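The following features are taken from Swiss-Prot:
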{"type": "DOMAIN", "residues": "18-209", "note": "domain 'RNase H type-2'"}
{"type": "BINDING", "residues": "D24, E25, D116", "note": "divalent metal cation binding site"}
Amino acid sequence: MAVFKTLTDADIAMFSTSLVAGVDEVGRGPLVGDVVTAAVILDPNRPILGLNDSKKLTEKRREALFDEICEKALSFHVGRASPAEIDELNILHATMLAMQRAVSGLKLTPALVLVDGNRSPAFTHQGLSLASHSIIKGDGLIASISAASIIAKVTRDREMDALDAAYPQYGFAKHKGYPTKAHFEAIAEHGVFDQYRKSFKPVKALLER
């Protein structure tokens, strides 16, 4: 697992001449559901204004940008790892796996993959090994990573809304599966089901009672 913190001048020059995929994740901390990642290759000829870290945008703005990214991006793909995979691999390795799935699902082969954070897995696409860099706070610095953060965030939030409709007693639409007081009270009263991450301490403690 490679760790990169700076880009060379040659890397930066590559941005304007080659396809670059931005990758980000959402959902490492929640107690329930998949960890969701996205890979996005933007079209330099169709700029998208207002891209930023998805957490710094309002829900309304994220939704609008989600639609614009889907329309204008050269390629994007969502990758995920299930609660069972998270329990088997741990959340870090499951997140890396989900990122690899997002990149491998792109319809175009990027010359470079830029990942938000301080770690990057090894990426391949159609049998080719890809160069990659991780960039701390990249979701606020690199447009393609910002776009990936928005795609991943909106996708997972919609999935939590759907889970809320199926299990309204848990309040997923509000806390999105994160370990809030209201969520702890809900699982204490109603228990957990198969979408919960059984290796996470609060869930594991409940199951061991």
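Every residue, even glycine, has its Cβ placed from backbone N, Cα and C.
Quick caveat, the model's predicted, so the values are computed rather than measured.
Over all protein chains present, the Cβ of D116 (divalent metal cation binding site) has 27 other Cβ atoms lying within 10 Å.
Mean pLDDT, taken over the domain 'RNase H type-2' (18-209), works out to 96 on the 0 to 100 scale.
Sequence-distant contacts of E25 (divalent metal cation binding site), defined as residues of its own chain at least six apart whose C-beta falls under 8 angstroms from its C-beta, comprise V35, V36, T37, T95, A98, M99, D116, A152. Within 10 Å of the C-beta of D24 (divalent metal cation binding site) we count 30 further C-beta atoms, all protein chains included. Those residues of the chain, other than D24, E25, D116, with a C-beta within 8 angstroms of the mean position of the divalent metal cation site C-beta atoms are V23, V26, T37, A38, M99, V115, G117, G138, D139, I145, A148, S149, A152.
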